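Asker: Sharing a structure below in structure tokens format, with a few things to ask.
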Amino acid sequence: MSVKTKLRAPSTVLVLLALCLLVSVFAISGGEYQMTPWQVLKVLFGQGEGIENMVIWQWRMPRAVAALLFGAALALSGAVFQSLTRNPLGSPDIIGFSTGAYTGALITLTVLGGGFVATSLGALTGGLLTALLVYLLAWRNGTAGFRLILVGIGISSVLASFNHFLVLRAELDVAMAAAVWGAGTLNGLTWQSVTPVGILVVLVSALLLANSSQLRMLQLGDDLCRALGMRVERTKLLLVVLAVFLVAAVTSLAGPIAFVALVAPQIARRLAGSAGLQLVPTALVGALLLASSDLLAQRLFAPVQLPVGVVTVCFGGLYLIYLLNRRTTKV
């Protein structure tokens with residue numbers, strides 16, 4: 001490996017960190033109370049005035065932090081599933097785990113009338129149960145990646161229909177809130193809601209990064225990993241559970257945000273100049289994608305704010321068309 005290749009990943013990380021900071025500053029500066037990026041930086045370094053401190057730290061910072069954390073979480077989850085399935089379409093929103101988490105949250109919200117904590121637990125439960133169901137249905141002396149994707153797509157379609165049924169049967173105010181939330185939105189987030197979910201995301205992400213060596217080994221193939229003494233199915237199950245926790249945690253607060261998990265690992269692999277797994281660049285690309293999408297969601301039709309999921313679907317759909325077209329051309 002050349003020196004240039006070795007330095008490319010660290011350089012990519014530094015550039016992505018700078019871009020994440022830049023996009024976040026521009027996102028925080030917008031709104032009804034307009035500020036310049038320089039004013040935002042002054043507040044961040046403790047030199048702001050009273051009203052500026054309140055607007056940034058209490059009103060806008062929770063949303064900016066959530067965009068970065070949730071984007072990184074979705075990207076890491078996508079990297080896990082794409083690595084395990086060895087398929088660029090192996091994303092939690094395509095396999096159905098995001099839809100399952102949304103189903104769990106919807107049942108808690110519309111049927112049981114639960115609050116924030118109950119809805120979050122419902123999303124976690126729904127995501128894990130969906131993962132378990134897909135895993136069991138795809139099991140044939142092991143879990144082949146392509147079979148996992150096909151089963152996941154089928155389960156996702158069934159759950160999506162059930163979700164529409166739940167929304168149609170709910171009371172009008174609950175149905176409207178569920179429909180907006182179902183598009184994936186960061187609107188109205190506060191520290192009270194972001195903090196517990198953010199802590200969970202950070203802890204699970206740390207566990208996932210700690211197991212990154214096992215994830216890289218799995219790319220060598222199941223047979224070779226078994227020969228090296230790895231308990232392959234047990235390791236896969238652990239990684240799937242961690243990835244589902246990330247998706248469910250994000251969905252419990254922001255709703256199902258599509259395509260970040262699909263796109264980020266592919267972009268990170270190209271930027272880092274490596275065919276292998278690059279978790280840190282992947283997390284930063286995911287953070288940058290969601291933060292940039294949220295910036296567009298705030299500014300495109302201001303003062304009306306779009307759900308961020310609308311923007312990610314537009315970009316993700318175009319990327320999915322490109323990906324499918326490229327694979328078809330190769331065939």
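Residue positions begin at 1 at the first shown residue.
Keep in mind that glycine also has a Cβ here, set from the backbone N, Cα and C atoms.
Residues or ranges marked as transmembrane segment in TrEMBL: 64-84, 105-138, 144-168, 189-210, 237-264, 304-324.
Walk me through the surroundings of each of these features.
Answerer: Long-range contacts of the transmembrane segment (105-138) within the same chain: residues 95-99, 144, 147-148, 150-152, 155, 159, 163, 166-167, 169-170, 174-175, 177-178, 182, 193, 196-197, 237, 240-241, 244-245, 247-249, 251-253, each at least 6 residues beyond the stretch ends and with a Cβ under 8 Å from a Cβ of the stretch.
For the transmembrane segment (144-168), the residues of the chain that approach it from at least six positions outside its boundaries are 84-87, 89-90, 94-97, 99-100, 102-103, 106-107, 110-111, 130, 133-135, 137-138, 175, 178-179, 182, judged by C-beta separation under 8 angstroms.
Beyond the transmembrane segment (189-210), the same-chain residues lying 6 or more positions past its ends with a Cβ under 8 Å from any Cβ of the stretch are 58, 62-63, 65-66, 69-70, 72-73, 76, 80, 116, 120, 239, 242-243, 245-246, 249-250, 252-254, 279-280, 283.
Using a Cβ-Cβ cut-off under 8 Å and counting only residues 6 or more beyond its ends in the same chain, the transmembrane segment (304-324) has close neighbours at 67, 88-89, 180, 183-187, 254-260, 262-263, 266, 289-290, 293-294, 296-298.
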Asker: What else in the chain is close to the transmembrane segment (64-84), if you only count residues 6 or more beyond its ends and a Cβ gap under 8 Å?
Answerer: 20, 24, 27-28, 90-92, 95, 97, 143, 145, 148, 186, 189, 194, 198, 201-202, 204-205, 208, 215, 218-219, 236, 239-240, 242-244, 246-247, 249-250, 253-254, 257, 260-266, 268, 277, 279, 282-291, 294, 308
